[in-house]
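Asks: First the structure, which I've put down as structure tokens, then a few questions once you've had a look.
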Amino acid sequence: MASLSVKPGQRFTVPDWHNNSHRISADAERQRSASHHVRQEARALRNNTGNQAKWDESDSRTYLNERITSVNRWREVLAKCLTDTDLEIDTLTKVKEAAEDALQAKNLCLDVAIECLTFRESRRNIDVVRDPVEEELLREVKVIKKTKKELQQRVDEAFQRLCLLKEARQQLSLDHRHKVETLELDQQCLSCNVTSGNISFKVNPTRIPNGTTALREWEENSQRNKDRAEAEMKASVDLRGAILLTIAQTNNELEAQRTATEFALRKRIRDMEGALSELRWQEQNTLEEIAEMEENIRQLEEALQKRTLDLKVAHTRLETRTHRPHVELCRDQAQCGLTGEVRALEAAIRALQQKRTESQNALDALYRQLHRIQTDIGYKTNSLQLDNKCLETRRKLVIPLEKFDPEVDAVNRTRNLPRNSHLEL
């Protein structure tokens, strides 16, 4: 007879079986509830994080747009300031060149004045006088040196101001270039989105880089660069006005001194010509007097010769009458007459000789005076030639004074200079 095999192991009761079923069902219900709760929280989280990300990204775009607008505004301000600075540098450079040309032109004036003084050093003897012409020439040299010193000082000031302007421009240019680069980077950030191909995770992107500045410091830096450039431009405008005024003043002063020198020189030439005319008149009269005195001496010589012959005759008569014999040798009327004649002739000869000596002395004095006159004529002729040479030399000084009256641009604070603002020789 077959036997029923019984599986070994624990046997559960029916209640256990029901309890197990109920427990499994309850656990399933609990797990589904928990899962539903998690799903609800996940959906809410997805919505919240998605909305927050959109708002944050929108805020970031707004901030980037605002930042781009701010940086672009400063870029435009700095660009305009750069343009004004470049224009001011160019204008100041032209004024500086005008001052250098004016300074260079003074060299010719100085050379001419020194050349005139050198010419006049060739005067001789009494004509070497400290006359008004020499005083005006020395004063002209002094004025030229003073004007050259003033112009050189203005040129140095313009050079220093140009260096400061270029330094300020360099700061502006650097700030402007940085803002252009910043605009490019911020616009690149603004155009970046989830579909961009260059997005990736970065190492510690929220770090604060070295050299980071505060927003206020950033604005103060740009404002400081702008204010410095404007201050340098204002100082440059003032300096340009001072340079142009100095050029005009020095030209007027030098022109006035040149006019005074030439006036004195022309007056001296007229005085010299008058003195030469007087000396030539004196020379002519002296020559006429010499001729008359020589004729007078010749007549005195003739008279002296005649009286000498007469005296010889009287001596011969007296000596011959000394040979009268014996009592015939008496002091008769003829003897007394001859004796008186001899004495009279001797006195006349002495008077003629004395007058001849006086006439010869007077003639020698006339010749000495003629030599002095002719020498003085030579001195004055030489001086007149030198002064005329000075006057001819000074004709090289054709200096048209530039009337610097540039128009002022109130907007750009610049002056419109004449193109040809240098001094033409």
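Including glycine, each Cβ sits where the backbone N, Cα and C put it.
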Asks: If you check TrEMBL, which stretch out of 90-117, 342-369 is marked coiled coil?
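Replies: Residues 342-369 are the ones TrEMBL records as coiled coil.
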Asks: Tell me which of 276-310, 381-415 corresponds to the coiled coil entry in TrEMBL.
Replies: 276-310
Asks: From the ranges 1-39, 157-195, 235-273, pick the one that TrEMBL records as region 'Disordered'.
Replies: 1-39
Asks: Between 0 and 100, where does the mean pLDDT of the coiled coil (342-369) sit?
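Replies: Across the coiled coil (342-369), the average pLDDT comes out at 92.
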